[in-house]
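Asks: Before we start, here is the structure in question, set down as structure tokens.
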């Protein structure tokens with residue numbers, strides 16, 4: 001084993017009790033609760049949490065409970081529950097080093113979370129997909145998924161999620177031998193995990209810090225970090241994490257044995273002598289293999305066998321070295337065969353097609369939205385033009401009406417003036433032209449001698465009365481004509497008014 005194991009953290013957030021209990025203790029608590037639950041979304045969440053808890057020490061059981069969660073979610077038609085279940089199945093398959101099935105289920109989870117706009121779920125899926133690619137050795141693809149996940153966690157202001165990604169991104173820096181940057185990110189992640197009291201992540205981050213110290217050949221600091229990480233993972237009952245920590249301790253002791261000039265302090269975790277360190281290396285590799293086999297942790301077990309083979313070679317025990325190497329090759333062939341690579345390639349192609357189809361759907365929606373916007377714009381423009389036309393028509397008729405009213409007003413005023421003139425004339429005629437003749441007639445009538453009708457003066461008086469009466473008749477006729485004309489003009493004015501309106 002030429003390189004030390006890199007601990008990669010899997011994020012499977014539990015829904016109910018993760019902050020209070022973890023590992024075996026969490027699973028035991030949830031298994032007691034499970035029989036009391038109805039078949040609803042709460043039960044789905046509990047099944048999911050049981051699956052998440054089992055991943056650390058029994059991935060097969062984890063898959064079983066995740067499948068139960070998936071079946072119940074399907075019965076309830078609860079899309080978020082289906083996404084959670086697929087994610088848990090995928091992460092448990094990652095724990096078993098079955099990467100094709102891991103990616104298959106993680107991509108299903110991601111697709112559902114994208115369709116329901118579940119940002120937190122997408123962040124979790126992207127991170128766990130990155131973990132699979134990291135374990136496959138595809139750092140570039142892993143890094144792209146980590147950064148996508150980190151961006152979503154930052155949008156959510158989720159410190160735990162940010163810490164998960166910092167841990168995994170730090171591993172990339174570590175692979176690039178940028179140890180200063182890697183250590184900086186790890187310490188930031190450790191601070192967040194401590195504040196959140198996330199013991200699993202604390203253990204993982206401590207182990208990764210130990211790896212950096214190992215590469216810097218600060219073996220005392222490396223072992224201190226690994227033993228601290230191992231203590232926490234064993235308390236949690238996390239067999240996968242414990243196996244990783246044991247494997248890293250085994251690598252550390254093997255490399256220390258090869259350092260002939262290493263100074264060992266009296267209170268150091270490093271024993272004196274090459275053989276003593278090699279014996280400790282064998283011990284921790286053996287424990288790591290045993291722990292890994294209990295949970296089917298094949299990806300790590302092959303590395304443990306490779307490391308154990310190299311340790312036996314340094315000890316001069318070639319038969320044991322060959323035996324361990326054969327185990328390493330057998331497991332590597334089973335996890336890295338051409339069939340598996342083909343399955344993964346097919347999954348990646350399927351995912352690419354799904355993304356392409358999604359992009360096409362988005363483009364179709366954009367075109368449809370553009371058409372809708374165009375229709376709305378044209379409709380709005382037509383409505384505006386219609387409104388302007390109505391307002392203009394109303395304004396036109398109002399203006400025309402006002403103009404007619406103005407003309408009619410002038411006519412009425414003129415008519416009133418004419419009436420006033422006529423009335424004044426009639427008044428004048430009544431007071432002067434009519435009263436004079438009437439008075440004359442009355443005066444002549446008094447002069448008539450009724451006692452002597454044959455008096456010649458009476459004939460003169462009667463002739464005068466007749467003359468005055470003729471004049472009076474002419475005056476009265478003229479007056480009547482004026483009154484009739486005034487009445488006719490008023491009638492014509494009223495008729496004109498009704499015609500205009």
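Indices start at 1 and increase along the chain as displayed.
Note: Cβ is positioned from N, Cα and C throughout, glycine not excepted.
Taken from TrEMBL, the feature repeat 'TPR' applies to 83-116, 163-196, 302-335. The transmembrane segment annotation in TrEMBL covers 375-396.
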Asks: With DSSP, how much of the repeat 'TPR' (163-196) is helix, how much strand and how much coil, in residues?
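Replies: Tallied per class, the repeat 'TPR' (163-196) gives 31 helix, 0 strand, 3 coil.
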Asks: How many helix, strand and coil residues does the repeat 'TPR' (83-116) contain under DSSP?
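Replies: Taking each residue of the repeat 'TPR' (83-116) in turn, the totals are 30 helix, 0 strand, 4 coil.
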Asks: Kindly report the helix/strand/coil residue split of the repeat 'TPR' (302-335) according to DSSP, in that order.
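Replies: Grouping H, G, I as helix and E, B as strand yields 32 helix, 0 strand, 2 coil.
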Asks: What is the average pLDDT across the repeat 'TPR' (302-335)?
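Replies: Average per-residue pLDDT within the repeat 'TPR' (302-335): 90.
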